[in-house]
């Protein structure tokens, strides 16, 4: 069966994001992936602040100063016969809900683990989000050029802590100064590592066969024997790769390598284009939309301000779900039921914008937004439906925000509501007083809000600590019981930026007690946009 040109384009697309704990090497991997995709000629390895070769994917002013990626940018590059869309996710302590929401716009994730440290806190949280949609996961064990933990231990830890089976595809030979390369379990080939070649794509020497005497000569008899012994254990004690289980999010293929040394990244990329799914169907509130449909649909998962310091603009990022975007197309914004002509959509290579003539399912478009587009907005060619599964997450950090000039209360509220629509932060207005409480998932969100209030709304604000540990959105099917709950808990209720009722708890114990006391009230940790 020959596919139509449209379906061929759809089948070529792979859209993925990288999830990791800060400093596990995510930005370096992003660089190397782009190098293999020929999107950049030499990888601008991320160094300290003095280095002038800033990594291509870190670009807002604050990021340049801090050497971190705050904003989720999008990069498209060709690899083999595929077109890959890589959505970069903020990695540092300073990550935000954007990171979570970006994971709702991809069909697959690459989990990067620092092999010296194993599974870390942020990785756990991000994996929980991928679980909401059983997203397929590939795993890259990074930093093999350093001393690492025992590889079998690492696999056990991933399986036990993240509840996903591991299927090793490559296996390391030594580590640190003794790192010699990796063996590919399914190709029966050993790839030999040379250090100092990290900035370019290196020619790799390959030794075929596990019992080939050349292997002993290349890595030394001891390491060669150790490899054979370890592989006996691996083959006996780990999962075989099974594509169906991978696509169901039940097992993850595991690759070993060093992103800094640019070694092993291509094995992972080959796995990605071979196994990761082409654009997947999506649920709406009325039906499932298939990528093969010819009518255009898409949803907004993130809004970013100030991508162009010369213009104070915002860009809404839209994931194309079905149909082909063409320049000058008329689309319906379902929430407002208005038709808009989109003539200047953008694609990105972090920071370099280019106007796009056409886009297909799996691609990400940037739409200019002057405050009319919100997160979760659905665009169609007229059909009235809304994509689901683009959540707000309950914040984990809270501050009270106060004005230096009390006369600017109106501007402050306007600014905060707009920033919350954009997903930069969440705002809660307690019912029992006039406080304004700002909730975030990462600390840096607070700095960003104050900086943007000042530059965009001319409002000077400061934070104070507030006795709030967590928030949950509340609802109840029984109106009478809900009224009683609201009456008795008025001092702990607040409205968010979209006027949804939330319970703000002073501690986790306080939240648990409230949940036990009011079993008919539902306390939600996420809320649909």
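Glycine is no exception: its Cβ is also placed from the backbone N, Cα and C atoms.
Residues or ranges marked as GTP binding site in Swiss-Prot: 20-27, 88-92, 142-145. When secondary structure is read from DSSP and collapsed to three states, residue 89 (GTP binding site) falls in the coil class.
Under the heading domain 'tr-type G', Swiss-Prot lists 11-280.
Considering other CB atoms within 10 Å as the measure, the emptiest surroundings among the binding-site residues 20, 23, 89 are those of 23. Its own atom aside, the Cβ of residue 144 (GTP binding site) has 28 Cβ atoms within 10 angstroms in the protein chains shown.
The average pLDDT the prediction assigns to the domain 'tr-type G' (11-280) is 84.
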